[in-house]
Amino acid sequence: MSVEDYLLQKLKTGALHMTLIDPASQDPAQAGKIARDACSLGTDAIMIGGSTGVTQENLDQTALEIKDNSDVPSIYFPSGAEAMSPHCDAIYFMSMLNSRSLDWVIREQVAGAPAVKKLGLEPLSMGYIIVAPGMKVGEVGQADVIPRDDPKLAASYAMAGELLGMRSIYLEAGSGAPAHVPSDMISYVKKSISVPLIVGGGIRDAEAAKEVKDAGADVIVTGTIIEENGYLSKLESIIKSIKT
Ligand SMILES: CC(C)=CCC/C(C)=C/CC/C(C)=C/CC/C(C)=C/COP(=O)(O)OP(=O)(O)O
Ligand SMILES: O=P(O)(O)OC[C@@H](O)CO
Ligand SMILES: [Mg+2]
């Protein structure tokens, strides 16, 4: 079964959780351990990526360890076309819709498309929308961040992505954001589109994860928390709050 079909099937049973592992944040063995823990706690997929510092080498090694230690799909979350790994099960083939730079809207995709085809990586088409504060990814991506009090603008971007044929939309507040995407924005966007809605950035505890889920997120992404010591209990409570 394709990764996309697996995710769509699973979505019928409720919201999903994805664990984001940044290859630049720990060694491959630790990444494998995190993936194993996250799987045992019920995460639905492992995302692999970081906004800076991803190289062909750390990506390949991290992806291999993750594959060896998990029983869920691994999805590459690229920061550009410079690294691409056959050891991931799929790739978010994404465009940053609110970037001021054509690099992130289409040029990196043009640069990466031949390798995706050649490696036979499954593409998961996605429109990536950066919401304030946007953090590092907002800066690197030169995003015109969506103001937190403008859910209509977020929804217009999301609808435009859907109408262009994108099969998922990701609302991103930025890794480590002090606050996640506002709930009223999540629910407004969710009502405006019919493709799955992914939400991430600044979700650090079970209450926040539940709020994001209740607002209408189909997929809740957490990254930073697994980079901290003693992440197990936090990850467990977050996944529980999404699954109940
Ligand atoms: C489809 C292809 C080949 C490329 C598209 C590439 C695009 C559109 C990138 C957008 C700009 C960008 C830098 C995205 C990074 C996304 C990402 C992996 C973020 C999460 O990484 P974290 O590790 O949590 O971020 P920090 O490094 O900021 O902590
Ligand atoms: O690191 P955190 O804040 O969990 O954010 C995850 C993800 O949305 C970043 O792309
Ligand atoms: Mg991070």
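Each Cβ is built from the backbone N, Cα and C atoms, and glycine gets one as well.
If you check TrEMBL, you get these features:
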type    : residues                                                                               : note
BINDING : Asp22, Ser51                                                                           : Mg(2+) binding site
BINDING : Tyr170, Leu171, Glu172, Ala173, Gly174, Ser175, Gly176, Gly201, Gly202, Gly223, Thr224 : sn-glycerol 1-phosphate binding site
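Taking the features listed in TrEMBL, we show where each one sits on the structure.
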residue	record	contacts (Cβ under 8 Å, 6+ apart)
Asp22	Mg(2+) binding site	Ile48, Gly49, Gly50, Gly53, Val54, Gly223, Glu227
Ser51	Mg(2+) binding site	Ser79, Lys136, Val137, Val140, Gly141, Ser175
Tyr170	sn-glycerol 1-phosphate binding site	Tyr92, Met94, Met126, Gly127, Tyr128, Ile129, Leu197, Ile198, Val199, Gly200
Glu172	sn-glycerol 1-phosphate binding site	Tyr128, Ile129, Ile130, Val131, Gly134, Val137, Val181, Gly200, Gly201
Gly174	sn-glycerol 1-phosphate binding site	Ile130, Pro133, Gly134, Met135, Lys136, Val137, Gly138, Gly201, Gly202
Gly176	sn-glycerol 1-phosphate binding site	Met135, Lys136, Gly201, Gly202, Thr224
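Under 6 Å, Cβ to nearest atom of ligand 2: this is the test, and of the binding-site residues Asp22, Ser51, Glu172, Gly202, Thr224 it is passed by Glu172, Gly202, Thr224. Proximity of the binding-site residues (Asp22, Ser51, Tyr170, Glu172) to ligand 1: a Cβ under 6 Å from the molecule is found for Asp22, Ser51. Residues Asp22, taken from the binding-site residues Asp22, Tyr170, Gly202, are distinguished by a CB atom under 6 angstroms from ligand 3. Other Cβ atoms within 10 Å of the Cβ of Gly202 (sn-glycerol 1-phosphate binding site) number 23 in total over all chains. Cβ contacts within 10 Å of Thr224 (sn-glycerol 1-phosphate binding site), excluding its own Cβ and spanning all protein chains shown: 18.
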